[in-house]
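Summarising the annotation, TrEMBL assigns transmembrane segment to A:9-29, A:41-62, A:83-106, A:112-132, A:153-171, A:183-209.
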Amino acid sequence: MKDTDIKRLLYSNLLCVFSVFLSVFIPSLFLDNFSILETHLTWLCTCSTSVTGVNLLLHLVVKPNVSSRRSSLSHKVSRVLKCCIYFLLSCFFLHIIFVLYGAPLIELVLETFLFAVILSTFTTVPCLCLLGPNLKAWLRVFSRNGVTSIWENSLQITTISSFIGAWLGAFPIPLDWERPWQVWPISCTLGATFGYVAGLVSSPLWIYWNRKQLTYKSN
Amino acid sequence: MDSGEWDVLIAHFLGVDHCGHKHGPHHPEMAKKLSQMDQVIQGLIERLENDTLLVVAGDHGMTMNGDHGGDSELEVSAALFLYSPTALFPTAPPEEPEVIPQVSLVPTLALLLGLPIPFGNIGEVMTELFSGGHGSHPQASALAQVSALHINAQQVSRFLHAYSAATQDLQVKELHQLQKLFSKASASYQQLLQNPQEAGASLRTLTAELQQFLRGARAICLESWARFSLVRMAGGAALLAAACFLCLLASQLAVSPGFPFRPLLLTPVAWGLTWAMLYAGLSVTTGSKVDSVVLGAVAAAGSLPPFLWKVWANWGSTRPLVPLLPAPLPVLLLLLTRLATFFSDSFVVAEARATPFLLCSLILFLVAHLHWEDQLLQPKLLTVPRLGSSAPTGPPRHSGTYALRLGIGLLLCTRLSGLFHRCPEETPACHSSPWLSPLASMVGGQAKNLWYGACVGALVALLVVVRLWLRRYGNLKSPEPPVLFVRWGLPLMVLGTAAYWALASGADEAPPRLRALVAGASVMLPRAVMGLAASGLMLLLWRPVTVLVKAGAGASRTRTILTPFSGPPTSQADLDYVVPQIYRHMQEEFQGRLERTRTQGPVTVAAYQLGSVYSAAMVTALILLAFPLLLLHVERVSLVFLLLFLQSFLLLHLLAAGTSVTTTGPFVVLWQAVSAWALLANQTFYSTGHQPVFSAIHWHAAFVGFPDGHDSSTWLPALLVGANTFASHILFAVGCPLLLLWPFLCESQGPRKRQQLPGCEAEARARPEEEREEPLMEMRLRDAPHHFNAALLQLGLKYLFVLGVQILACALAASILRRHLMVWKVFAPKFIFEAIGFIVSSVGLLLGIALVMRVDGAVSSWFRRLVLAQQR
């Protein structure tokens, strides 16, 4: 592991953070009355698309993983299709988990689903970009001593911190402060976003500080 | 107002309060609101009649932020404005008017309206309003004022008399002085009435005396009522904290080999008694009253130091420094979060939603943790380090999807039971579940019948689940009385409950001729079900060993060796098996060692059922407990009880998947298991339609089986209502030992299969392997009796610790936030419910552990009898 790798990781992560900020400021140029709280669903959509776009861009440009040997067109197409299906499945899965956690079943379905979409964007899309539609690899990354590169380490950290952020975001909901962001699912989406950003920023730093202890099996 | 058909009009303007909360007192909006209110009052004044009194009073002030509820000067001072078109006061009111307590409005307005002053009033009339106005004669007005004061004083004196007779918490000496003052003032008032000419000075002194009496009365009441003993609060919290610490310490030390069990019980009791007697003697000699609360506290505090001293003395020398809380950090954080929520009134109110949330988080954490750790050892590698041969033959104990499926099932059950939700008071956004009302209140036959069917279906499902479970582990084949009871008594109980529900929900539709029969049945059926349950529990206590011994004990002994080999030995494996058996048989006969007989376990067919002998007794006890508790709830809660059993079953499996079974102790129950269990108990408390407030208690439970009420006894209805309220506490506390037993139960799937095919070739070949391994499943626990005892103690202490920390947090919240607006509405009831729940849980825990120990004793004597029969 070299310092240049960490630097590249830092820059690409900063680009992702930048995409989150971009999703806050860009739509206000085109839309009147745009604000995160008032037009929350619009923001969720733009944030999701911009983060996905930047992730794809990074995947195409930086290519941290070894590309597969077969590179025929049909293989690529099936791979992309598979990725889309995985993404949709993860959205539905997260939606079900939210409902099981206590989200309303019928009311606010669109809000809940968009929360699932944004959380999938923060967690599943980087996984898909880095590991491809390969569940075994995902399971490997999210287990002790399973990571094999700093990219996977960063992925692990950002995903876990996104989930923790979303989880922490649920806590202000019962409080009686009567703030507009205390409504389901705004606090949770904001929490997930903060968690994602925090993970992006902290993972290169954490890797940098622990670079002596970190040894990867196949790198 | 213009109609004139009124005596009192009360108008409440909420706007100022709302504006204050939103903007604070110094905001331009507030100024606008206040001038608006001024206009309202001006308009009102213009339309007042001459005989009307306008009272404008604020109910509270506000802080600089516009909030209120505390006891700061700004919050408790509010404006009071009195106005009447006719002149009220004999003289011009002073520039700096005196402060009038709010309670004084009550007697003043009552007397002005010509009504009697309410019994519980301790306010003082505003004498100025009784002066008779501007033009009246000064002496006449003074006399009117004294009369009003005297009526007021009479009422307060009567109240003080009645109150002090009932409670005795007022200061006796001061009360006596007040009474003297009042009788003196009364006498002089009578004197004054007889010769009103010589008034003047005596009128003024009389007014002063009466006012002094009224103020004194208010002062002693305030002192006695709004008094918080900080010393006692701190002492109680310290005692609770010390007890929790003790539980923690003892639970960590219990697993160490040389842990002294016996001194643990006797020495602290002796110390506690000594201290209590010392305190009692001291207070008797000094002549002060013995306070039972302080006495208990002294005894409890006195029993702590010897143990702590012993631990301290042994700490450095013999033991390495054990980490006190070896729980995984996330579980610890989750528990801390839960404790922190007790300090927020919003979270206490929303606890019915917050607990399932935390429970779901813990479950998902457990699943993720399993996955995280699993990869460390590949599923197949995991089984290798364990001793014994049971594991490598079977499939890996848990695959990834297995844990995930368990977790999702648990989440689903939690969510479903969350549908049975009762709202706390005054939460307009929340809607209570309609399913918590009894079926009798439903209109519409079709839906009612469907629901009735669903409830009976839940009962039957509960029965079938338990029977299937017992059959799976083979205990259903035993001819012992408890098993017979499960086979025949439980269906009877289900039948009785279903019939009772039918009668209760359709009582109005019964034809008139059958009314008497229905009434009689609705008395007898619940009592019969409860009697059946009690007799079942008695049977279980009498013969708790549910194993299959086909013939008599003696015959079984000979058969157990011979049955599998009734045919000629066909293979080498059979011979390998038979010869050591005969050898061991002879050896034991020679030695005659009674207590070391467990090696015979695997020899008998019965040994397979012995593997689940403890948990079979526990499950039977739980289902027998569940039925009477179910009867005390409304019909549709039976679905929650079914979910409860499913949930605990899934949770136990999930926890068992994360616990590695050691062959020879020490056995431990993990912190996450205990926390999840406590959370599940709390969640069930809410999903059975309870809330920790007094208005949510299900009083109807007192009339189950007693539809005409109870004559004079109070303990029986209290017991019924208490059992209804703390049903989940009871069930989960009694079932707590299952946490220890379940991993052993899940350990092996092999013996079950072999047991289903007794005497066949496959079994004969499987046996030699097993013989080497010796006791299986829960018999491992008997293998290491010391570790078994230690693990039971540790389990109990850990559960008590988790509950104790909860009650500590509740107590701290109630004492720290004692000036909070919501203290009597939220924090204090929560603390009371938590405290009673803790007591109920501790008793249930003791009963559960006692049941396990009873089974243990019975198994020992069962073995002994087997060996004795064999020796004959």
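Heads up, residue numbers simply count up from 1 along the chain you see.
Cβ coordinates come from backbone N, Cα and C, glycine included.
Because TrEMBL annotations are produced automatically, they should be read as predictions rather than curated entries.
Owing to the predicted nature of the structure, the values given are computational and were not obtained by experimental measurement.
Beyond the transmembrane segment (A:112-132), the same-chain residues lying 6 or more positions past its ends with a Cβ under 8 Å from any Cβ of the stretch are 41, 44-45, 47-48, 51-52, 55-56, 58-59, 64-65, 68, 79, 83, 86-87, 90-92, 94-95, 98-99, 103-104, 138, 141, 151-152, 155, 158-159, 162-163, 166, 184-185, 188-189, 192-193, 195-196. Long-range contacts of the transmembrane segment (A:41-62) within its own chain (CB-CB distance under 8 A, at least 6 residues past either end) are made by residues 8, 12, 15-16, 18-20, 22-24, 26-27, 31, 34, 110-111, 114-115, 117-118, 121-122, 125-126, 129-130, 189, 193. Within its own chain, the transmembrane segment (A:153-171) has Cβ neighbours under 8 Å at 9, 13, 101, 115, 119, 122-123, 126-127, 130-131, 141-142, 147, 187-196, 198-200, 202-204, 206-207, 214, counting only residues six or more beyond its boundaries. If one looks beyond the transmembrane segment (A:9-29) by at least 6 residues along the same chain, the residues whose Cβ comes under 8 Å of a Cβ in the stretch are 35-36, 42-43, 46-47, 49-51, 53-55, 58, 62, 150-151, 154, 158, 193, 196-197, 200-201, 203-204, 207.
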